[in-house]
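Annotated features in TrEMBL:
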SIGNAL    1-24  signal peptide
DOMAIN    40-135  domain 'Ig-like'
DOMAIN    143-213  domain 'Ig-like'
DOMAIN    242-330  domain 'Ig-like'
DOMAIN    335-422  domain 'Ig-like'
DOMAIN    427-511  domain 'Ig-like'
DOMAIN    520-610  domain 'Ig-like'
DOMAIN    617-712  domain 'Fibronectin type-III'
COMPBIAS  696-707  compositional bias 'Polar residues'
REGION    696-726  region 'Disordered'
COMPBIAS  716-725  compositional bias 'Basic and acidic residues'
DOMAIN    717-809  domain 'Fibronectin type-III'
DOMAIN    814-921  domain 'Fibronectin type-III'
DOMAIN    925-1019  domain 'Fibronectin type-III'
DOMAIN    1023-1115  domain 'Fibronectin type-III'
TRANSMEM  1127-1148  transmembrane segment
COMPBIAS  1157-1188  compositional bias 'Basic and acidic residues'
REGION    1157-1202  region 'Disordered'
REGION    1227-1257  region 'Disordered'
COMPBIAS  1246-1257  compositional bias 'Polar residues'
Amino acid sequence: MASTPACLLMLWPLVLILCDPADSIKFPEGFDRTNLPQPPEFTTQPEKEIVLYPIDEVVLKWEATGNPSVTYRWTKDGEHFDPNRVRGIEQWKDSGILIFNANNENVPTRLNGLYRCYASNILGTAMSSESHIIVENAQWRKEEVAPITAEEGTHTVLPCNPPTSADPPKIYWLNSRIEHITQDERVTVGQDGNLYFANVQMKDSRPDYICNAHFQGPRLIIQKEPIELKVIPTNTFSHQKPILIVPDSTRKSYVALLGKPLVLECIAAGLPTPSVEWIQLNRLNPSPRVIFENYNKTLSIPTVTEDDDGDYQCIAHNEHGSVRHTYTVNIEAAPYWIKIPTSQIYGPGENVRLDCEVDGKPKPKVSWSINGTPLKDVMPDPRRKTQPGALIFSEVQPNDTAVIQCQAHNKHGSILANAYILVVRLPAEILTPDGVEYAVVENQVVILHCKTFGAPRPKVQWFMEDMNPALKDKRTFIFTNGSLKLQEVQREDAGNFTCFAENDQNNVSITARLVVKGATQIEEGPTNMEKEKGESVTFYCKVLFDESISKRGIQWRLNGEDIEESDDDNKYIIGDTSLTVTNLDYSDQGMYSCLAWTALDSVEESAKLSVYGTPGPVSNLEVQRQQNHQVKLTWTPGDDHNRAITEYAVFCKETKFGSAEMEWLATVPGNQPWAILQLSPFRNYNFYVEASNDQGKSELSSQSANHATDPAAPERNPEDVRGEGNETTNMIITWTPLAHKEWNAPTLRYRVQWRLENEGQWEEMEVEAPPVVVTDTPVFSPYEIKVQAHNDFGKGPEPQSEQGYSGEDVPEAVPEDLLIEMINSTTIKLSWILPNREKIWGHLKGFKVYYSRLGTLAERSRRQAHLHFHSHGELLILGNVSEVTLGGLRPWSRYQVQLAVLNGRGEGPRSEAMEFVTPEGVPSIPESFQLDYLSETAVLLEWMPPKFPNGKLLRYVLGYQQANQTEVDISNIHIPPTQLSLNLSDLDPHTPYKFSLWAETKEGRGEVSVLEEHTMHESVNLSFVNISVGETGENFTTIIWIPRQNQRDVEFAVHVMSKTDKGQWRDVGKASSGQGSYSIPDLQPGKQYRVRLVKIHRTGDVQIIWESDVETSGVVEETNNFAAEGWFIGFISAIVLLILVLVLLCFIKRSKGVKDKEDTQVDSEARPMKDETFGEYRSLESDNEEKPFTSSQPSLNGDIKALGSDDSLADYGGSVDVQFNEDGSFIGQYSGQKGKDGGGNDSSGATSPTNVVTALE
């Protein structure tokens, strides 16, 4: 017999493998468990530690459930304990509630101890955790507190020493007026309750420092006797480096429990008051859960984790030194659950596993108990086995019902869990209804349900319609819950199936019916598509359904979500067999599927839609600083939208200096989401990135974080360094200052150096801005000049030497050997030589030509020429030239010319005057060429001589032709030069004519004046030499006129209108132009009339020849009109008088307002003009800053700048147009004008020695 247990132990591993733990019984919903037995189970337990104070009453509740009802018993310190026999303890009847009464100050210490409760019924016993009752009497021992004396500036401690307690009190320091002692960096209450002074001051002296302990459990506050602090003054403060009061060593180990709070404290003394800082030596960054309190003297972590172990160092420092303390924190843990055992119900014969996994530091020890009895004291059973973290029972029976305890403990505490095993017998039940019909489509899987319940678990069998076991078919499988699975269902599988369930209590059965339908098929499904953003796409889906299934349909889906049409837009258009998606966007791409469904099955086919377009914006721009103002910019690429990104463009905005503009920095390949950027010093940058693919560019990214570069030395020196004088003995050095953003630092200075060219030592000056004025210089001497930028971080590059000149003087050089070459009647070429160039005394800017027209060759003597005002002028020639072409002269004229040298200071002496004459040319156009019609076939042509004959006129030539004739058909008439009119007759009245007129000299034909296409009968307007009103009487008036010479007799109408009566025009008769006068009869005396002569042409055109007012003599006949009545006249007079008075009042008021206004203003004409002070001279460049000389070649269209007669060069800075007046003089934009009126066209000046032409007309 003894060998049986040994054999079973040898077979135990095999049993564990073959007999896996079974699931507990799952009761069906609605199962009545009222009469089901239940082992005891605690629902309420008291706390693990309870402090009992005097006059306190503590209720300890142990409550448990069970069926049958439970009974309670207790142990104290491991021994049986009957509460009814202990004075001060009361048990509620038939309950697990104990009441501890401490009704006097002498609480019996016998109540101290560890209490445990046991709850039992016939099924087992549950065991509670131990509750530790601590009896305390919170009193302060009466003691004599001696005054504490401290010298001013030293540290001291006021002790508190509250009563020890399992529930430590909260400490407050107050004075006798119940005011809190103020805490700060100098004064602190420690964790031990003492009051610490880092250094005492005279104000700290007081006799009433009172320590108060607040016990929160009993809501009790007790006081210590007042402590007096006396501070002794001193005249010699001794400053002290910090020392640590708490803790009193340099290193201390500390054990913190997992999940509990951790508090570390450093209190230092010293003068001045030290400051405290903390560092965690094993972490780069402090934990975010660390809290610093009490002016950094306390470090706390509310809930400790394993990551909090390590070294914590506090540093106290003042200006005289520092001191450190290191806490080494080790994390340990009381036992805690990883997997806690749970109560379950099982049927007979099942295997049970109770898991109890715990952890802690140190590693907890685990022990098992059954019904409160340690497992080692329970009778061995071969069906019971322990494993690490588990207790296993095999083939349990009803008598195995029990309450199991798992307890774990280490030095920091213990935990306990109860879990019962309830083994019951229940009859077999089938919970699935009988006669359920299952419909399925062929070739799919069907599951016929037969959910059972019972203990032991019922055994389930299925039978087909022919009562053959279902498991004979390889396509079947029975689940542990009793359901039958049939795979690849065929039409012939339709019929009835029977489920049979039985256990040792009984057996039951149900029938299920199987109906098989045809499967749904997709004949044509959607296909993959790729479309551009904005296009539309259509997917198709053709489906074959079993017609006997009524519930069916097609559902379109996108990425598994149903697609529905909307009345609000046309995004999705769903047809019977199609889906159209319009106006595609990137959010529309994905997997589109056609789901064909019925009540029994569904089939789905999918296709991928890709939408391509420009890339999405990049994100997460990050700047990584590198060396030498270089950064690495990284980003997260955006969506490429199905087209590979080809490149990224990097832009920036620089914000330190004014408004920022977008600026390109770099372009990198599309597979490189970063860029190395070289930046300028002392700038603030924000970066942006733009992606590109073959479809275009993305939106610009959001801006990066601001990046500031460090200052540095200037990278370049200023440009446009010049040296010029504005006086003969100085030189002004100027340059274009560097822009603020090129300073590379907050400030910038310039080092300016100069010396005579190739001579002597360099002189220098440091300035913040131009100019630099060098004085006492020789006249117009070359200098070497350097300007270098530098700031607080270094110098710019070594500067290049530039050439400058000191101030100029008025030139003394005079052009000689003037030579004139006649090119044509209006153009000459003037050339000269310039000896003595060293006497220019400055930069040769050019020459000034003085010329004047003395008269025409027709004027017989110079005296006669002086009687007229003729054209004269000045011409500015830019550059170092020796000849100029002077155009636009008048032919057949006498001229005089002189030349002077120009430099930046002014104009030199003029050369000797030289005269020349221009040959004859062709005349200008005849003036005032006009046509007057004499009749329908005759015209009078009149003109005036040419404004510029340009020679001796030989004749006028008049040509005329019909408009449809060619040049060959022109009729030319030669007219003597003294004749200025011509009559033409015998013209066709219905044909338009063209008339031409020109003058001729010996040089040929002049410019032609043309009258275009005049038609005779359409345009014969009637006119008279003189027309007026003649004799006028009471009832008539006479109109008289003088006909034009050679004018034919033309008939016209006479109209008259009464202005007095406001009548209409009426025709009073006809007259002819040859009559000379016409009398208008039948007028009324004393009235005004309007008279006009009207010619109506054959074309219907109406010509008003003349119109005038006429008034007849005599008196108007009186009519019976109420306006002549006296009362009406008086009424009107009164109104007129009233109006005059009102007007007079308005005028007086207005005059007064104007005078007041004039008194408060100053007449602009009375204001003195602001004088402008000019220097002795201004350089030509200075006078013409807006109109600079240039070195471009002058053209033949008048690009030479013409000057007026004023000698100042400031008036002649621009190119001008020069014109002649009728009297021969010429005018130009240059004459006497400056500033805005002094500009001409934008032509450049000249440096070439050839073909310079003036712009003269």
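Just so it is clear, glycine is given a Cβ too, placed from its N, Cα and C backbone atoms.
The domain 'Ig-like' (143-213) shares more Cβ pairs under 8 Å with 40-135 than with any other stretch in the list 40-135, 520-610, 717-809, 925-1019. Beyond the transmembrane segment (1127-1148), no same-chain residue lying 6 or more positions past its ends has a Cβ under 8 Å from any Cβ of the stretch. Same-chain neighbours of the compositional bias 'Basic and acidic residues' (716-725): 731-738, 742, 750, 754, 774, 777, 780, 783, 785-789, 796-797, 799, 802-808, 904, 1179, 1181, counting only residues six or more beyond its ends whose CB sits under 8 Å from a CB of the stretch. Helix first, then strand, then coil: DSSP counts for the domain 'Fibronectin type-III' (1023-1115) stand at 0 helix, 54 strand, 39 coil. When the stretches 617-712, 814-921, 1023-1115 are ranked by Cβ pairs under 8 Å to the domain 'Ig-like' (520-610), first place goes to 617-712.
Here the domain 'Fibronectin type-III' (814-921) has a mean pLDDT of 85 out of 100. For the domain 'Fibronectin type-III' (717-809), the number of residues in each DSSP class (helix H, G, I; strand E, B; coil) is 3 helix, 46 strand, 44 coil. Contact between the domain 'Ig-like' (40-135) and the domain 'Ig-like' (335-422) holds: at least three of their C-beta pairs are under 8 Å, each pair 6 or more apart in sequence.
Applying DSSP to the domain 'Ig-like' (335-422) sorts its residues as follows: 6 helix, 52 strand, 30 coil. Helix first, then strand, then coil: DSSP counts for the domain 'Ig-like' (40-135) stand at 6 helix, 56 strand, 34 coil. Here the domain 'Ig-like' (427-511) has, by DSSP, the following mix of helix, strand and coil residues: 6 helix, 42 strand, 37 coil.
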